[in-house]
Amino acid sequence: ALASSASQLLRMLAAPAAPRPRAGLSECFQVNGADYRGHQNRTGPRGAGRPCLYWDQTQQHSYSSASDPQGRWGLGAHNFCRNPDGDVQPWCYVAETEEGIYWRYCDIPTCHMPGYLGCFVDSGAPPALSGPSGTSTKLTVQVCLRFCRMKGYQLAGVEAGYACFCGSESDLARGRPAPATDCDQICFGHPGQLCGGDGRLGIYEVSVGSCQGNWTAPQGVIYSPDFPDEYGPDRNCSWVLAPPGAALELAFRLFELADPRDRLELRDATSGSLLRAFDGARPPPPGPLRLRAAALRLTFRSDARGHAQGFALTFQGLQDADADPAPLEGSTQTPAAPLDGANVSCSPGPGAPEASMGAQVFSTVTAVSVLLLLVLSLLRLLRGRGCLLAPGKGSPTLGPSRDPTRSWAVWYRRPRGVALPCPPGDPQVEGLTASYRPLSASSQSSLRSLISAL
């Protein structure tokens with residue numbers, strides 16, 4: 001054990017210094033930092049905490065380089081902060097303390113998705129954001145963004161896991177910033193997102209996850225609709241990019257579409273020529289994509305079954321026209337495949353009854369298929385449900401309880417969790433401890449606040 005500790009220390013001392021990120025560069029485009037691949041290797045605020053252990057020497061724990069042979073989670077022979085389990089932010093294992101603590105969160109200033117403006121103090125008198133507000137036990141970041149977008153406000157703030165506030169740029173100008181680690185409460189509607197803290201607002205621009213927009217800034221980020229939530233079915237969204245310059249450079253930071261029917265098209269906004277098209281079976285190539293177009297129109301469509309994380313892409317204008325000028329061959333003549341559920345009319349000519357009969361058979365098969373998919377989706381939801389027991393008025397002790405009439409018992413399964421009321425004596429509760437885990441300590445304060453308000 002002593003030799004192993006000495007080896008760890010030597011590796012930490014010999015490791016090269018982490019590269020300093022460029023000003024304004026974001027290293028994360030997911031709200032929980034699951035895509036972080038940076039080089040911070042200490043915990044705490046701005047890396048001022050404890051050194052991280054190397055992932056190839058943590059086999060005694062649930063996550064190590066051996067459990068990530070394909071590198072999907074970014075683990076390996078290094079000790080950089082990562083988020084392999086879909087937690088609320090990147091973390092790492094540390095040398096176990098006398099209190100039994102063996103992991104810590106990492107506070108990484110460059111790991112906040114673009115459009116997130118930071119953590120702010122909300123004293124309540126006056127409120128940090130002066131617009132309308134509301135609460136929801138199903139709150140996610142996008143639920144709040146959509147609420148404030150519909151109200152016509154520029155900013156949306158989430159607080160205490162279940163509260164949403166709207167405001168404007170003038171509110172932000174007089175706001176008091178708080179440490180990023182103060183906004184550590186889990187959203188009640190999504191176990192992988194943060195929704196502020198106690199007396200702390202996590203503030204976002206409402207343009208994040210919007211379904212349309214015109215962008216003329218020299219550079220920026222476009223997110224799929226409903227981001228950071230998954231995009232929904234039957235989405236039809238478009239954005240026009242017209243930064244200064246003769247060409248554009250795009251870089252996809254995230255790209256996850258459900259199937260080939262979910263499609264993203266890139267067209268010249270002036271001529272309408274199709275320059276590129278990507279879908280669930282044909283993702284964009286790695287690296288930057290340069291297109292010779294003064295303005296670009298992006299169109300995204302999902303089918304009736306569409307549900308996936310979506311995409312995040314950065315763009316910037318280029319002054320020179322040294323880019324790929326060629327549209328896709330046949331792009332002006334070949335339309336995209338129709339989406340499931342889209343209105344498609346066919347008028348067979350005289351003497352073609354077979355076509356009419358075939359259309360009827362196709363419609364019947366499609367209707368039956370959609371019904372079966374709905375049933376399967378419902379069964380999947382019920383199998384992955386969580387359980388919230390709240391029949392009594394006793395002390396809200398969080399965790400497993402053998403007496404459901406006296407306390408609260410909250411369980412969930414990563415990466416998704418749904419809290420549903422269960423009547424006392426539900427036999428499913430007996431088996432929860434094997435496949436579910438109790439809520440983490442960081443969400444207990446928000447839950448107690450909501451319980452007291454019921």
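Glycine is no exception: its Cβ is also placed from the backbone N, Cα and C atoms.
TrEMBL: automatically predicted annotations, no manual curation.
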Candidates CYS28, CYS183, CYS187 - disulfide partner of CYS111 as recorded in TrEMBL:
CYS28
Which range is it, out of 34-65, 322-353, that shows up in TrEMBL as region 'Disordered'?
322-353
Going by the disulfide annotation in TrEMBL, which one of CYS183, CYS187, CYS195 is bonded to CYS119?
CYS183
Judged by the number of other CB atoms within 10 angstroms, which among CYS111, CYS211 is the least packed of the disulfide-bonded residues?
CYS211
Out of CYS81, CYS92, CYS119, CYS144, CYS187, which of these disulfide-bonded residues is nearest CYS237 (disulfide bond) by C-alpha distance?
CYS144
What subset of the disulfide-bonded residues CYS28, CYS111, CYS148 lies within 10 angstroms of CYS81 (disulfide bond) at the C-alpha level?
none
Which residues does CYS164 (disulfide bond) neighbour through Cβ under 8 Å, counting only same-chain ones at least six apart?
SER133, GLY134, THR135, SER136, LEU139, VAL143, CYS144, PHE147, CYS148, ALA156, GLY157, VAL158
Euclidean distance between Cα atoms of CYS92 (disulfide bond) and CYS187 (disulfide bond), Å:
22
